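Since the structure comes first, as structure tokens, the remarks are kept for the end.
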């Protein structure tokens, strides 16, 4: 008989049983500051999953581990979603020190790793991947769930050994349900991909995800990052000023349709930014005539620069994301007088997930994070 933890009705219940009694725990897939991800096999079915062991914060005064409330929010959101382009939560266990999420195993690695191995890529092929991302986000936004951490590392492939791999959005640690009439502000995410309203500590909504999709698309087509500066301050300033361009060196073979799609996403005013429905209807994603379809087919992605910049980007991100996120927290904390420990937790959580993927988020059938 399964015993659930006794908690108030509005709190998530996790099984208070040893996960090892139901799953054979295998090799480590990744690790981070507050989580370890291991491959596992369900004893009753033989099916493989990924077990994410999240270290619980033991007291409010501590900054080690993840607070129960944040874990519950992530689990609550994952239990609400069921979509082909979103990772699936199978089960949740809890012991004295950890909460263990049993997640879908995604073995195809990151989308950008897959693209970096290709010899050529047309915009038509690129939009097939962007469309899958949009489909997953559309499902979330229909439920008024904002992901708040869309970035290349959180876009995985179910299986890379097929012509058009199936995309899975992962890592719902920062996801949040947007409630009508309830103002939500926070400092979180990976600075390179966060919207101006996050940097400025303004009310947040679904629009922040659309900005991130614009940044992801820009990088996918060129290898260059629109706002990443030489310093932390420059990156944040570029975001708030929406300071970017389509350098001819990187975008000489990019269609005007693709540039228009990006321009309409990288808009500072949230009301003027494309919604998810508008993005899906954009002619670069859904051509309205044969001419537009031909433009996509004949325009190509700058894979040479993509590969060159991607290797550099991966190294730079792994080296600098901790200091960049901490800078974002410190500077904005002074502005709004936030509690230091809680803001740093958000940044540390994001850093954890980046580190966790270094080892083997790529060779598996699911992602290390939800």
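Using the three backbone atoms N, Cα and C, a Cβ is placed for every residue, glycine included.
Annotated ATP-binding residues in Swiss-Prot are 29, 30, 31, 32, 33, 34, 35, 36, 37, and among 15, 18, 52 the one listed with them is 52. Checked against Swiss-Prot, the residues 243, 255, 299 yield a single entry marked phosphoserine: 299. Considering 59, 122, 349, the record held by Swiss-Prot lists 349, annotated as phosphoserine. If you count neighbouring Cβ atoms within 10 Å for each of the binding-site residues 29, 35, 37, the highest count belongs to 37.
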